[in-house]
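Take a look at the structure below.
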């Protein structure tokens, strides 16, 4: 059970709390969902149980199995009234369906109401990649010269962002690397364990290796082989929030829009490769997407604009 959602704090009867605990354990250990995904699923179910309790129904397993479509629609309407968007509602339904399947597997019966409720339609947002020059600038240690922070911290931030743009990593994947994983000293690949514990091999180009080597040379801490590769100013694991704040500061200095985030560098990696006639399935493998359809959304980005940008700066060239 997640530490943030102890069983005794969940709304509902004891049988529901026990079922939720076993369900979340299944998601984490057998389905190998990431901690963030398990947390989101737990939160969705907790909100639904709280909604049922506010409506005057003490949630227990028999009452959940006997749910009517109108009960689910009432929950969705209440969440919409609270300002929750379509994507979050779609995930909430996915969470409820996952829990319902768990109840069915455990022999409690079928929650047939869920099959009668459609997921909200959500228009898929296009990725918002950065122009090549902006992505190169964000991932460049030179752009940080003069900042009022220790040189090793500037080198660290540059190395993290170089991994996002130069290798297409998610920020959680980059910050989850151990010291012994660092692709330096002749190593030019990374083994990444991504969403759903899916493993992929990622090539690491020379500018990224150089950024990592510069950080390691400057870092004042003795990094244990099995410890985090990236550390904060006190030597503990680096928080994603620190990287986000660093990018926000650079955004202002470079005059970039609010869409210039750490994750935008991963979008830029994929879109810029595709614009250079990169193979879609190869890009899918590099990004760690389970479905090709997820990668195909990058084909809708204006490739003509990107090709023009590539004439000014090529991301696979010697610059980062």
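Cβ coordinates are placed from backbone N, Cα and C, and glycine is handled just like the others.
Residues or ranges marked as active site in Swiss-Prot (evidence: sequence analysis): 170, 195, 263, 266, 289. Summarising the annotation, Swiss-Prot assigns active site, O-(3'-phospho-DNA)-tyrosine intermediate to 298. Swiss-Prot lists 14-104 with the feature domain 'Core-binding (CB)', giving sequence analysis as the kind of evidence. Taken from Swiss-Prot, the feature domain 'Tyr recombinase' covers 125-311, and the record attributes it to sequence analysis.
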Alpha-carbon spacing, residue 263 (active site) to residue 170 (active site), which is rounded to whole Å: 7
Same-chain residues at least 6 apart in sequence whose Cβ lies under 8 Å from residue 170 (active site): 164, 194, 195, 263, 266
Which listed residue (195, 263, 266) has most other Cβ within 10 Å, given these are active-site residues: 266
Residues of the domain 'Core-binding (CB)' (14-104) by DSSP state, where helix covers H, G and I: 74 helix, 0 strand, 17 coil
DSSP state at residue 170 (active site), helix/strand/coil: coil
